[in-house]
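Trainee: Before I ask anything, let me first share the structure, which is written out below as structure tokens.
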């Protein structure tokens, strides 16, 4: 099929001087031209016809550039008027150009090219026209070469002389002369005939031929025998050999050698992970990573077993890396800071980003930048509110998978991180590291304003709010603001009256678990702090220190407004509300407000009728403690 033949066009031999050696005979353009029948031409689409036109024109120009030598070596090249659709003129022109000496195109070659150009320019719109007529038989032909072949068969000759064939073809040529000019696409010049344009274009052929020769050299130089369906794929593939990187990332200038690699790389700067594993649902940035995951995780045999924990791995390299978690080996050491790593990938990432300060992954919501792309992806869940990891026990959801794993230890009771000094165990490794600083005395977080140091970074951040006055955590019920979130949570229980931690000995309830533990020491007499002055015991050292101020008379907390002094800071804070007029405790029954919480509790007993203070002598009950004390004085005066 002709159409298929043109799509898979074989390489047309390059015409060089080897074709025109006298010992091998003369080669003309007609010898290497390709022809189609009327039916075959009708099967070609516009793109295929254009390709045919370009190939034939290139071969013609190449033949003209090296010289056809078809019996006219000593003659000068014909001009525009020499050969045309109208006939032969006697006008002559000099050689085609100074850059191509002795370059000629014989009349036969020009006529063949005119046939091809006529057909391709009309694009088969007039397929019934057959401008070549045989004088002997009266038959019509689409191409002059077909007419010549027919006449050879009629005469029994295999070859005819050039003079006879040229005259015959010229006399039988019925190509209508177009009124339009033929422009050169290389320079702004028009020609009245196709032949004039062809002769002019041979002046460009030497430079074009040299350029194509360089391209051919590069193709041979980097030849790797890979085959591609489209030219664009060949161009991108050649960049592998040349090292060219045509696609550049705007964010930080990374260059890549193909558009596909560029698109794949861009996914590292966003959250797109289009390749999803159909077995486990895990998604990946690149198709190659997905294929590797499926081969390694789901299909590949896990024949390497860790003798420490029994975990199976798919490769010996993975087993060696895994065993470092047991033996503590960290072979990759940073020569800048001395930090060591178990995995080479982590080590390389540390060197590339930590010491250079590079943070290429920027959150478009808040502008925060990150060293790794996965850190940015996890951070963006803060803005989207996505909590993909849910606890199957209590339904609580988390942003990070590690947070879920840590939370689940609350249900299982697992505390894998144990202190070697005191044996105390922790759920989180971070808590163990913070605890170990108690034994070492290390306090790495120092306030630059007052110099106070802290074991935990959270304590340091909370302390800084004292200097800045920031109270970021506000109560939604009463509008009171607090420095820390933990203090706000404690405060909320005032409104809800929630006391979830109850003592099993006396039934007393507490807001916090730590308060319950401190209280239980009273019953167990464990680690009680006893006052040397009066023998009173306390469950916590802090309470003992506050109590001892009663004996010493120390009142270190002074009011800046009135100069009144107090033993405890909490008492000073409560007192300062007298000056500010703040009354944060409101009665829900009568909307009366109070400065102190205990005053609100006492007031509410008026509405409830509760009288918890009962006299042991007469059984009379009171709603306030001082009312009971005042009543008991009556019984004292009655005694003899």
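Every residue, even glycine, has its Cβ placed from backbone N, Cα and C.
The SUMO2 cross-link annotation in Swiss-Prot covers 223. Under the heading domain 'KRAB', Swiss-Prot lists 27-140. If you look up Swiss-Prot, you'll see 217-241, 247-269, 275-298, 332-355, 389-411, 417-439, 445-467, 473-495, 501-523, 557-579, 585-607, 613-635 (among others) marked as zinc finger.
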Trainee: For the zinc finger (389-411), could you work out the same-chain residues 6 or more beyond its ends whose Cβ comes under 8 Å from its Cβ atoms?
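Mentor: Hits for the zinc finger (389-411): 378, 381-382, 427-428.
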Trainee: Could you check if the zinc finger (557-579) is in contact with the zinc finger (501-523), meaning 3+ Cβ pairs under 8 Å among residue pairs at least 6 apart in sequence?
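Mentor: These two stretches do not touch.
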Trainee: Taking helix as H, G and I and strand as E and B in DSSP, count the residues of the zinc finger (389-411) in helix, strand and coil.
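Mentor: Result for the zinc finger (389-411), in helix, strand, coil order: 11 helix, 4 strand, 8 coil.
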Trainee: Taking a Cβ cut-off under 8 Å, which residues six or more beyond the ends of the zinc finger (585-607) line up next to it in the same chain?
Mentor: 478, 494, 574, 577-578, 623-624
